[in-house]
Amino acid sequence: MIRTMLQGKLHRVKVTQADLHYEGSCAIDQDFLDAAGILENEAIDIWNVSNGKRFSTYAIAAERGSKIISVNGAAAHCASVGDIVIIASFVTMSDEEARTWHPNVAYFEGDNEMKRTAKAIPVQVA
């Protein structure tokens, strides 16, 4: 059996640019890509916490240390500057691999300040 698992996640980053006329994609600070293990040109899903929209695109690198999250092209209709989003990538693997898999998660606050990274998502309690 093949399973699709969360590979990397940028949790609650703030959109810094939305450029409708750029070629497409989402430009992401290279430091953020590294923290989540997301590669340039990799497919990503973006979930907009601010407006509930969910969409797919691909990642491109923004300048390291810039804190840029730029939603580009048609996707700019789905996010505005200041929106809080979650960016995720996924990987497929065998059932056996999936049982010991741990995603790369980076947590953000404020103006895209990375607060911590983790190799798991906390258990939700009642």
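Numbering starts at 1 and runs along the chain as it is shown here.
For all residues, glycine too, the Cβ spot is worked out from N, Cα and C.
Here is what Swiss-Prot says about this protein:
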ACT_SITE  Ser25  active site, schiff-base intermediate with substrate
MOD_RES   Ser25  pyruvic acid (Ser)
BINDING   Thr57, Gly73, Ala74, Ala75  substrate binding site
ACT_SITE  Tyr58  active site, proton donor
Lowest local Cβ density (other Cβ within 10 Å) among binding-site residues: Ala74, Ala75: Ala74
Distance from Gly73 (substrate binding site) back to the residue listed as 'active site, proton donor', taken between C-alpha atoms, in Å: 11
DSSP three-state assignment (helix, strand or coil) for Ser25 (active site, schiff-base intermediate with substrate): coil
Residue pair Ala75 (substrate binding site), the residue listed as 'active site, schiff-base intermediate with substrate' - Cα distance, angstrom, rounded: 8
Residues that sit under 8 angstroms from Ser25 (active site, schiff-base intermediate with substrate) by C-beta distance, when 6+ apart in the chain: Thr57, Tyr58, Ala59, Ile60, Asn72, Gly73, Ala75
Env. residues of substrate site, Cβ within 8 Å of mean position of Thr57, Gly73, Ala74, Ala75 Cβ: Gly24, Ser25, Cys26, Phe55, Val71, Asn72, Ala76, His77, Cys78
Max CA-CA distance, Å, over listed substrate-binding residues Thr57, Gly73, Ala74, Ala75: 10
